[in-house]
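For G31, P32, P33, G34, S35, G36, K37, S38, T39, the entry in Swiss-Prot reads ATP binding site.
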Amino acid sequence: MFDIDGLVSDSLKLLADRVDKNYRISLVIVGPPGSGKSTIANELCERLNSMFHEYLKEHGGNIEISGVSEPLPVDITEPIREVSRNIVEYMTSNDGILPQSVEDLDFECVKFQDDGRDNGNVNGNVKVIGRGGLPNAIEVSPYHDLSKPKEKCDVNIAQIIPMDGFHLTRKCLDNFKDPVNAHRRRGSPSTFDSNNFLQLCKLLAETSNTKIPLSRFQNSDNDDVDAVWEKLAKTFTSDVQDIYIPGFDHSLKDPTSNQYCINGFTRIMIFEGLYLLYDQENWSKIYQVLSGTDALLIWNIDIDEAVIQDRVAKRHLNSGLVNTFEEGIDKFQVNDLLNARSIRQHTLDVKDVVTIHND
């Protein structure tokens, strides 16, 4: 089993080291199917948020919202090319996708402003899309008012950022040159919108590099946990845009838009996914983007194939993807096992990765 206390301790050490330099730190949990990435990420997220909530409870619940010392651009999506309204309407009429682009690993992510024509919801948000189209869209809000959430439970400093929300939809897979194989191999590297996930990492890395005024703490060498919580509580900013990303439930089979929100309270980003250390196509660039913030910690889960076979077969059964446990094993062996071995074969050779076990 994994040592959650050790992961929490390592996370807090990184936070203490970088809180004066980065608005956000990045924690990455990577491993094969069935390795427990989501379970670990959720438990770590809950522990960190609970610790901060307890600090607020013991210290009157006061938080301060300020500006940043090195402001971000008004719109962090500014460098992204804007797409015409005709293209948006074309996507809308094609299940939200660009059929001719679903396999284009070199697709350049584009953006458009949501004017409410398609859903009646005029919010001024900017949608960023990759080759997966609207179902895998990143939505960036121009509004970042942090003054409303006054309850301590609303101030969550840790947020999970799952790669799974960037599964290409079944409609996308239908438009592959070999749709039968695309569906059979769903979960392999090419069946994710790696273009847009990489774009998400770039946007979040930019927010991580934002610095905040900490002059009142500069004469203090105290880096215990309460001192770190105090710095966070006094240095939230509304100048960081809200970023919404899709989630994924295996039983629903396709992504759910805007399931997660990274807002101004988010100071710890917990990335989890299969291919975050993969050395092929767009995945190979993620490490460089996140490590460029100098506020990164990576855990790679090493686990026996027999263990993940049992777990994934049960997950397939519970999600309704198969009718029996034996069918779940068969599905694992013709797809998930291939992905697991590919991950092991194509993991980036970088030094600052901590191996953990979750058998």
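In case you wondered, yes, glycine gets a Cβ from its N, Cα and C as well.
The secondary structure of T39 (ATP binding site), as reduced to three states from DSSP, is helical. Looking at S35, T39, the binding-site residues in this record, the fewest other C-beta atoms within 10 angstroms of the C-beta turn up around T39. Shown are the binding-site residues G31, P33; of these, the residue with the fewest other Cβ atoms within 10 Å is P33.
Same-chain residues that are not part of G31, P32, P33, G34, S35, G36, K37, S38, T39 yet have a Cβ within 8 Å of the Cβ center of the ATP site turn out to be I40, I301, I303, I308, R311, N358.
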